[in-house]
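Working notes, beginning with the structure itself.
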Amino acid sequence: MGVWLNKDDFIRDLKRISLCLLILYVVVVVGTDQNFYSLLGVSKTASSREIRQAFKKLALKLHPDKNPNNPNAHGDFLKINRAYEVLKDEDLRKKYDKYGEKGLEDNQGGQYESWSYYRYDFGIYDDDPEIITLERREFDAAVNSGELWFVNFYSPGCSHCHDLAPTWREFAKEVDGLLRIGAVNCGDDRMLCRMKGVNSYPSLFIFRSGMAAVKYNGDRSKESLVAFAMQHVRSTVTELSTGNFVNAIETAFAAGVGWLITFCSKGEDCLTSQTRLRLSGMLDGLVNVGWVDCDAQDSLCKSLDTTASTTAYFPPGATLNDREKSSVLFLNSLDAKEIYMEIIHNLPDFELLSANQLEDRLAHHRWLVFFHFGKNENANDPELKKLKTLLKNEHIQVGRFDCSSAPGICSDLYVFQPCLAVFKGQGTKEYEIHHGKKILYDILAFAKESVNSHVTTLGPQNFPASDKEPWLVDFFAPWCPPCRALLPELRKASTLLYGQLKVGTLDCTIHEGLCNMYNIQAYPTTVVFNQSSIHEYEGHHSAEQILEFIEDLRNPSVVSLTPSTFNELVKQRKHDEVWMVDFYSPWCHPCQVLMPEWKRMARTLTGLINVGSVDCQQYHSFCTQENVQRYPEIRFYPQKSSKAYQYHSYNGWNRDAYSLRSWGLGFLPQASIDLTPQTFNEKVLQGKTHWVVDFYAPWCGPCQNFAPEFELLARMIKGKVRAGKVDCQAYPQTCQKAGIKAYPSVKLYQYERAKKSIWEEQINSRDAKTIAALIYGKLETLQSQVKRNKDEL
């Protein structure tokens, strides 16, 4: 028997059903949303090292090799592998934080290694506190901090690297405190390793600011490594005697430096010469190290009431011959590290600045200031006491300020928790807060960069909302790793942009209202304010690309096309003109990711290919008319033929500047000449023009990648140097005679030399601009020689 519902009951039940369906939909969506951070079990603030450690733990547990009976093992592992691939990469992590997985459509990944790789090869130094795994973004700052670094460049698959690992760990423990021990994974940071000239593994280099890197070529025993490291440690041990004792002590005390002295008597224990050298290196600039032979200097030791072997630290101003009144620290250990830690703990803390003197002191000098609230937390890391000495040559003083003594001052600076900041000699107006790691080398790098940069900490009182000058403002959150990675690059960019535009940072965890006003939804968000115009930066986190972005705002490389200008410039283009056009929509995440790459590509194609873009949100009906069915839609319009509307659509997977440029150049007529053995001999070797020749093989992948770059080069040097190509598969004897041992190989053949040789000069670059600059430099030198020879005749 049916049941009839009245209207009210029907509406009520319909609402219930709709609510249930909505809840079900939300559950399904949430259940399928794979948050990469939660997949790895890390927070959004996790460091690269924490992400590697979390992934390794999961990889060893979930790897398909260890779960052969689980049909879902492959799929489950792909998920965590994908999460790791994205979060380990700074740029992909930024895209993911901002757009979610939508922003990663061009970076699918999907490959993983065997279980044994993750067990034995992956992150081999991540669990060693004495060894710091350095990444590209922090490497230069670390090795230029002023500390001595010994760095192991290794590859995960290298057996010799694994053979060295146990020794490297023992060595790191042995020299801890004397120098920094680092490691670079060249499997993850290939570009960094290439930049540092690393072409074999393991490669061990010593680095110190102001000196060239020194490669270690000895045997890989711990003793040999220690001996090599000690050659580069600055250590001076003074033998004290009646003749020099008083002057040495008084001179050091006057400079605020104390003495560590070991008094040695025959048959009794005192610090060995090797231990004294190590302590001198560890305490370099902080404490002088000396020793007294009490058998030879009996009267001196007796005057100091020392009758047995003793080691003591004499702080500045210590009374040497009255132990009861003196602040002398007597040391019972013979171990260098134990003595070092005890002395460091007893060194005086940084100067405490008072509220009354703060503004005046900061106005007349550059300062690194530690802010604390009551208890001084810096005491937990006594190594930070080295800062005063290591920053002395930079003319940066180091002090501390207790915010509990003057809360108003800290509140005005937006300091609400313990932190440190650099003040640039203009009082409290110009300062920058440190958001990096609270470890010595990171703070050193920050202080040196900050005092020489032009980055301003912004707040409501100085935010450039209506400033007539252009500003680049970085909206960030201190907990966000990509934000922290961007800050050093902003400092570099600010020095290069000084006088052109100002650079500032705004902490959105403090100034939430300002960030909401500008609709900041992800961190970091970097924006250029130019009076009424606002432009958001979407590029990579590098000073170079920030500068490119600014230059593109001044001189746009991409033509913004309207339906009218599209018809005029593209459809009615001249016979020899070509265009590449990006049809996009501002709300489309892949379009937003593409835009900086599109602009970068356009700059490299200036004079060769016209580049434009069409906003399909603004000109929707026009894009529909042009049959644009997806975003972004990239089209190439070739040299005009009878088919004016002919175009080619880009279907490639990668939408980076290099891939897009190669695709576009592939449609241009060949500018280089295909050479045969006969034409190579007649035109290149016996001809009266300069030639640059690309020796290649059709099956060679790098040759195929280089081909469009060589075509670009041919166009750049047209009229001055001719460009040719030799197919080494078709003409092996020609290539063999030219001494070709690898593909591609590029050689320059210069006319007017004494005699052209088939070997000539090889060019090792694969960048068209670099090759062109090198060629022009060679030709200029050659012309000078020819002119000089003619003058002599």
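All residue numbers here begin at 1 and follow the chain in the order shown.
Just so it is clear, glycine is given a Cβ too, placed from its N, Cα and C backbone atoms.
Copied from Swiss-Prot, the annotated features are:
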type: SIGNAL; residues: 1-32; note: signal peptide
type: DOMAIN; residues: 35-100; note: domain 'J'
type: DOMAIN; residues: 557-665; note: domain 'Thioredoxin 3'
type: DOMAIN; residues: 671-776; note: domain 'Thioredoxin 4'
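Confidence over the domain 'Thioredoxin 3' (557-665), given as mean pLDDT on the 0 to 100 scale, stands at 89. In the domain 'Thioredoxin 3' (557-665), the DSSP tally of helix, strand and coil residues is 40 helix, 21 strand, 48 coil. Residues in the domain 'J' (35-100) partition by DSSP class (helix H, G, I; strand E, B; coil) as 49 helix, 0 strand, 17 coil. DSSP places the residues of the domain 'Thioredoxin 4' (671-776) in helix, strand and coil in these numbers: 40 helix, 23 strand, 43 coil.
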